[in-house]
Structure formats: structure tokens, C-alpha cells
Amino acid sequence: MRSYKQVQLPDKEINLVKDLTCKWLCQDMRPFSIVEDVGLKNLLQQFISLGATYGEIDLKSIFRGADVYAKHIYKLADDYRAILKNLLQEPYENGCVCISPDLWTDPYKQISYLGISISFVDKEYIYKSFDLCCEPYTQVDHTGENILLAIRQCLAPFGLIDFNKLNFVSDRGPNLVSALKKYNTLYCYPHRVNNVLKCSFYQSQSKQEQITISAATDQHKSSINTANSTDVADTINDEVNRSPLSTDSENDKNESTLPIKNKTTHRKQSVTTTNVVVDPRKLKFKDLHPSAQEIIKIIVRCKNLVQFVKKSGCNKDIQSLGGVALQQSTVIRWLSLIELLESITSSFKETKRVLINRKQQSKLNGIDEKILKQLIRLLKPFKHVLKIIQTTNTPSLHMVLVCTRMLKDKLSSFEELLKYEAQSSTKDLDNSEEVEEVEEVLENEGIEILRLRILDLLNVMFTLDIHHYVATLLHPKYRQLKGCTSNEREQAYKYIRKHIHTTVKQNEQQQDDFEPDFEQSTNVSNSSGSEDYSFKAPKADELDRYLAMTVVKANLIDNPLKFWESNQRPFPMLSKLARQIHCIPASSAGVERQFSGAGIVVNERRTALDPNQVNNILFIRSMENMKLAK
């Protein structure tokens, strides 16, 4: 990176630059943060360098019109695509590329876009992820067949033709599932966690169907009007009947590509008003235990409270008293509901004072602060998981099994939740009085029922794929698969051994100077008597040596690719498989963040922007961010 001379300028010159900057910000109505943009600093630095070379020159001899730059963006994007195509060739040929597609519609002109993010592991064992495209969707409809055709058209310019060499990650939207059903596809882990929580708490799948509650009839938080309670139950039941799984047009019955086969066990739970054991996904709100119903109604009241606070402008008053602004939530993003509950508990006293001053204290009726804290404690492991699993700059697939087991362990008992809270960062510990802390040690009955319901739904709605187990096994820190059954370990071992066996045979066939003994190969093949993943190795194979090796845990880091990059020689087959597995992200967060960027590009002032130009802008932005073009 080029270095520049540091100069102490006179105050007069510095103030002149300040004046010109402020005039620009005000006259052109630019945000203050624009002065911190990396692109602007690079541009100004180049101007200074040109001035040092050519002296004082007229800016008009350098700057061009808007049309010129708009056209140049097309050329720059095409140049970057050519660079990227070359970068992808080696990972693609070795099966180390993963594609995450999704669809988005801009809110102004209702133009549909197909967004694709891509992740890959290069030959240096470096994980890279960025936005591949956000092209206008031009197919006649959104059937699986046409979506697949659109994906092919987007990937073809990069030389990604054979989809059998690619991995895919998507949400469980039925159209995407249909489009990618023939290929190696995993489903976005945060989407699945979100679906479990929505189903657990009977949350609506659309804004139009959000649960409503009449706060006017809630006169006391310990005494709920019976008629009102019935109305709430009917409202929730209607929504659950319309969407049994509450999955936002997704289907959690879709099986994994290669699901792990386990024996299912059914555990009786006291979560209903009757003794009948039912599928937790089909349990209606009216059949839920009354104490658990009350917890869900508290969530509804909290959402209504925050909605009122935002519309009435109370957040400024709450902040002026030392509280934090109450956060709204969206159904499609469960993490936002956790943040909503946390914001209420953080500013409970301030919110109460503001509402009393406005004679709206009834908005807090039926909202128990202690129950909110227990609810947050219940959801805290999910908040942690959702944040760490959505990384886009390092491998994450190995964390799916780790996080799933952690969630099940912490939900198994109230004591485990308390231990988890004690181990988490001290910043979230409240400063309540000693008496209140003693009272909180006892788990609320409704919270207990919902905790067990979530645990049941995790077991019912989650079928992990063999790739999740293999990814965890191929992380040296977790290679023993602690907490897994012997059956789960054995299936992972068989998958890896079969993959190694297949790779070895392919390599042998590619060697011109090697002539295999077909008779011997036939005998070995027949001796196995099975088409299973296993094969009889003549000696201790790579997997055995990897599992038995001594690893200093203090030297291990979160990124498993560092280990495999330095251990290619002792484990040539496993290191190659590690590249292929760890190129797959645990989530489709990359393409969703791309759509967030698209929403900034296509704003109210730029509705006339060519959709193809939107694609170019986002692509160049991603290439620059990843430093791939340098």
C-alpha cells in the first residue's frame, strides 16, 4: 500500500477545508458520514497526487459528467467480472464453490431481482464471500423451473455451468426448494431457528395477520378479562390454522439432502390443557396451558406498547430520562423481537414515567417486568446463536451442529439456563435487589411450558444433514463429535471414507501410466456386500490418523481452514474434502445483506435507475470490499 507524507498544515488552510466541506454537505444535502467514506478519501488522495505531478490544474480537465461515469460503471463491472471468473475457475473445478440465491422486489417500481451471493475456498485455503449479482428477474413467473433457468443465466458468464460441482444454500421457500431439489442444497440455519421460534410462540407469518389484543379490557396484569382472553385465543388459532407451521411461506417438512438417520423418541409434555400427546406443530393456542397462553399474550402486549410508543413519539422522552429507545420487531426476523423485549426491560421505569405523564399508563397493564426478564433469559441462547451463525467472512457450517446441541442442552432444564446466563457477559446482568434475584430463581410455570415446547419443536423440526456433522468433524476443535450418538458418528465416518474412496479411484483413473487390476478391484468391491458409505481400508486411513492425532487446543483458532492449509501433506484427501465442506455457509445472510444494500441504492430519489446498473453497482461494491480487484 502506498504511503503518503504527513504534513502539519496551518490552521487557516484546515479551516478553509472545513468551511468548504460544510458548505458542500449543506448545499447538496449530503449526510455528514459521507466525509468518512473510503471511496471519497481515495478519490481526494488521487487528486492531491495529480496536483503534485501537474501543478494547479482545472478540475474540469479531470471530472466528467454523470452520463460518462454511468457508462464507465458498465465497463468497470465487466472488467471485474472477468477477474472474478478467473478466480473462480480452480475452486469450481474442485467443488469448493457455494451459491446462495434469493428473490427481492424493490418497493418503488415493484421490479423483481434475483440476488446471488457466492462463497468459495481458494487453493490457499482462504474463505471468500461476496455478492455475485442482483439481476432483474425477467422470467414469466416464479416457478421452480423458471427460477432455475434464471440462476443458470446468472452463473453462466462466470463459467459456472455444471451445477453438480456446486453447493447451494437457500431458505425454504417452496419455489427455491423446487428449483434446487436435484442438487446439493442445504437450508439456511437462521431461517430454520426463526421458524421454530415463530411456531413456538404462535407468531403470525405476515404483517397483516399480526396478533392483536384489546388492552382496554386488561385492567390488571394479574387479572385478565375472560372475554378478552377468548378473543385472543380465537385470533391466534385463526392464524395458526392458516399457517400451521408459521413459516413465512416456507415448509419445514422439506428433508435435508442427506439427513442423519436417528431413532425418534416421543416425550410426554404437560403443555396442554388435556393429557393427550399431540404433535407440537399442530397444537392450537386454545389447547395450550393457560399459564403459557399468558406469556404469549404478554409478548403481544409488548409489541402493542412499542407500536404506541413509536407512533406517539414517546421514545425521545424515554431517552431524555436516561432510557433507551424501544425497538420494534418484525415477524420474519425473530432477533428483533428479542431486542424489543430487552429494550422494554432496560427502560421499564422510564417508559412507565413517560406513560404516566401522558395518562397512558394502561399501556403497561398485563406486562410483568419479572416475566419479561425470564422470557429474555429463555431467548438469550437463541440471540447468541443467531448472531454468531450469520458471519459471512469465515466458515460457519461447522457451528450448526454445535449450536443445535447447545440450544438443546440449555433448554433441557431451568438450571442449565441459569448456568448459561451466569457464563454470559456481565453487561446483561441486571442490578435488581437481592429479594428480586431470589424470587427469579423460581421458573415461571408458563416459561417452563414454553421452554419444553421449544425443545420439542427443535427435535421435531430439525433434521440435520450429514454435511453438518462432517463440517463439525473436520474442525480440529470439535472432531470428536462430543455429545453425538455412536450412530451419528458412524454415519459421518462412513460418508468421509466413501468420499475418500471415490476421490482415490478418480485420481487413479486420471493417471495415464497406471493400469488398475480390474479383477482385484471387482473382488474388493464384492467383498463389501453393500453400497453403504464404508469400504474396507487396507491400513489405517487418513480419518483414523486425524481422529487419533494430538492437537494442542491452545493453538486452535475458530477458522478450521488454517489447520487444513498447514496439514495438506499428512492429510491430502481430508484437506481437499475440508475445502469442499467449509466453503458452504450456515446461512444465506450474504444475499440478504445484498438486498439491504439494494434497498439503499434503489431509494425514493433514484427510482429511474436502470435495474442492470443496480446489479453493476452492488457487484463493484462487493469486489472493492473484498479487495479482490486489487
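In case you wondered, yes, glycine gets a Cβ from its N, Cα and C as well.
TrEMBL labels come from automatic prediction, so no person has curated them.
Taken from TrEMBL, the feature domain 'Hermes trasposase DNA-binding' covers 10-56. The annotation region 'Disordered' is assigned in TrEMBL to 240-266, 505-534. Among the features that TrEMBL reports, compositional bias 'Polar residues' is placed at 521-531. Feature annotation from TrEMBL assigns domain 'HAT C-terminal dimerisation' to 542-622.
In the predicted structure, the domain 'Hermes trasposase DNA-binding' (10-56) carries a mean pLDDT of 92.
With helix defined as DSSP H, G or I and strand as E or B, the domain 'Hermes trasposase DNA-binding' (10-56) counts 39 helix, 0 strand, 8 coil.
Using DSSP to sort the residues of the domain 'HAT C-terminal dimerisation' (542-622) gives these counts of helix, strand and coil: 53 helix, 0 strand, 28 coil.
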